[in-house]
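Heads up, the thing below is written out as structure tokens.
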Amino acid sequence: SKMYNLIQSLCQCVIICGQTCKHVFLRLVEPEKDPDFWKEWAQRTLKNALTLQDLNKNVAKNIILFLGDGMGVPTVTAARILKGQMSGQSGEETQLEMDKFPYVALSKTYNTNAQVPDSAGTATAYLCGVKANEGTVGVSAAAVRSQCNTTQGNEVTSILKWAKDAGKSVGIVTTTRVNHATPSAAYAHCVDRDWYSDGDMPTEALQSGCKDIARQLFENIPDIDVIMGGGRRNMYPRNTPDVEYPGDKKHNGTRKDGRNLVGEWIDRVKDKKSYYAWNRKDLLSLNPNNVDYLLGLFEPADLPYELERNKETDPSLTEMVDVAIKILRKNERGFYLLVEGGRIDHGHHEGKAKQALHEAVEMDRAITRAGLLTSIYDTLTVVTADHSHVFSFGGYTPRGNSIFGLAPTVSDIDQKPFTSILYGNGPGFKLVNSTRENVSTVDYGKYLQADRYLILPRSSYIWDTWNVGIFGILFFLLFYGMLCSC
């Protein structure tokens, strides 16, 4: 037979450029040696492409937007390999759920005043259809960051508001604070993304009548059906102890106006089928058929990284998406759901590649779960990113090389090894006795936080302006070529 069974793995030494790559596990898939394997694969791909001629021209009843914050193309590729390696494969041949989407395009990312964008201006672009200045949410480029008096008259409307006005149910699910940059553009009009509560605002802005983002969450569109993420401390009066961390003052409430926004929400919807949850147990114990309005605030600030998540208290992104869809889909007119894998971005900012990539894999699980709960015949599902990061990987690594491992060669300049994962700037720049650190002494696969060698020293890693991918189901005319995020 030309096709052989899949063998477990083959350990061998790999000689590349005259250098011995020690202890490299190269997982060889025997069928791939046969040319017929690839010809049959090509035939299947062609047949799948031909089926796209039978286009689904139905009007989308539901829309789900999955936004991987900072999830550029290198992150997607690395997450794909990690997903495969987590299941015992070499990784490169693995498919993410988004890889299965039939329509793919690229999107340019920039702000009206910035070549390299931030998450606030980009969120305004893809949620409101209007490009904006860096650091502003829900306002046009006529608004200037931190200048309160430029807000009025420059507000722009989001797709979440359009969906609500059309009679659909709407929801926001994020692993960051619910008043962070990405989700806030769905409901807020604010000239500064950092005005999380009134405790973060300058006196002049408060006196001029500008509202903090947490307040706008409950006032601008008061009947958002599902809200889940972090950000509890911005909802309570200053110095109010947190329900989960009562002895830790850094988690206390931050509001100067004395308002309890959670309590106000509970009072407002008490005569409806409403539910407030602040931990995983509460969330998973609810019956979606008996809940129409859900507020879930699971941390004082952002939710923990998936690798560090307390499974007793914090739900996963997949679990939140599962509950959200089961509540929203009861509406016969359909729903709109914004889902943000927000901590992909945070992991990259901190140079924690392991956390960032596991966040991306978790978002892929959530995409899979959403697909099982909806139908491709009436649900438009889109996966994209707001911007990329200065994250990359390479180095002539052999098939099956650990995504967190060393490249098999050494630098031809200083003769030292280097990690296959690299960041272009950030705090990981290290010199030992005026020379580059020997990274072969660090177990990058073992430790959760491991700085990577980089080129430009900085206190944190910053975004980049690479194009990002758009993956879509339904409406192929919307997803082709080089697009703009607005």
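Here, residue 1 is simply the first one shown, and the rest follow in order.
The backbone N, Cα and C atoms fix where each Cβ goes, glycine too.
Summarising the annotation, TrEMBL assigns Zn(2+) 2 binding site to Asp69, Asp345, Asp386, His387. For Asp69, His180, Thr182, Glu340, the entry in TrEMBL reads Mg(2+) binding site. Annotation comment: TrEMBL describes Ser119 as active site, phosphoserine intermediate. Feature annotation from TrEMBL assigns region 'Disordered' to 237-256. Under the heading compositional bias 'Basic and acidic residues', TrEMBL lists 246-256. Taken from TrEMBL, the feature Zn(2+) 1 binding site covers His349. Residues or ranges marked as transmembrane segment in TrEMBL: 461-483.
Overlay of TrEMBL annotations on the structure.
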residue	record	Cβ within 10 Å
Asp69	Zn(2+) 2 binding site	29
Ser119	active site, phosphoserine intermediate	27
His180	Mg(2+) binding site	29
Thr182	Mg(2+) binding site	27
Glu340	Mg(2+) binding site	29
Asp345	Zn(2+) 2 binding site	30
His349	Zn(2+) 1 binding site	18
Asp386	Zn(2+) 2 binding site	31
His387	Zn(2+) 2 binding site	26
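The residue listed as 'active site, phosphoserine intermediate' and Thr182 (Mg(2+) binding site) have their C-alpha atoms 6 Å apart, to the nearest angstrom. If you look at the compositional bias 'Basic and acidic residues' (246-256), the same-chain residues 6 or more away from its ends with a CB under 8 A from one of its CBs are 196-200, 214, 232-240, 300-301. In terms of Cα spacing, the binding-site residues Asp69, His349, His387 that come within 10 Å of Glu340 (Mg(2+) binding site) are Asp69. On the backbone, the CA of Asp345 (Zn(2+) 2 binding site) and the CA of Thr182 (Mg(2+) binding site) stand 11 Å apart. For the binding-site residues His180, Thr182, His349, a Cα-Cα cutoff of 10 angstroms around Asp386 (Zn(2+) 2 binding site) retains Thr182. Helix, strand and coil counts from DSSP across the region 'Disordered' (237-256) read 3 helix, 2 strand, 15 coil. For the Mg(2+) site, the Cβ centre of Asp69, His180, Thr182, Glu340 serves as reference, and the other residues of the chain with Cβ at most 8 Å from it are Leu67, Ser119, Ala123, Thr174, Thr175, Thr176, Ala181, Pro183, Gly341, Gly342, Asp345, Asp386. Look at Asp345 (Zn(2+) 2 binding site): DSSP puts it in a helix. In the three-state DSSP classification, His387 (Zn(2+) 2 binding site) falls within coil. Taking the C-alpha positions, the distance from His180 (Mg(2+) binding site) to His387 (Zn(2+) 2 binding site) comes to 16 Å.
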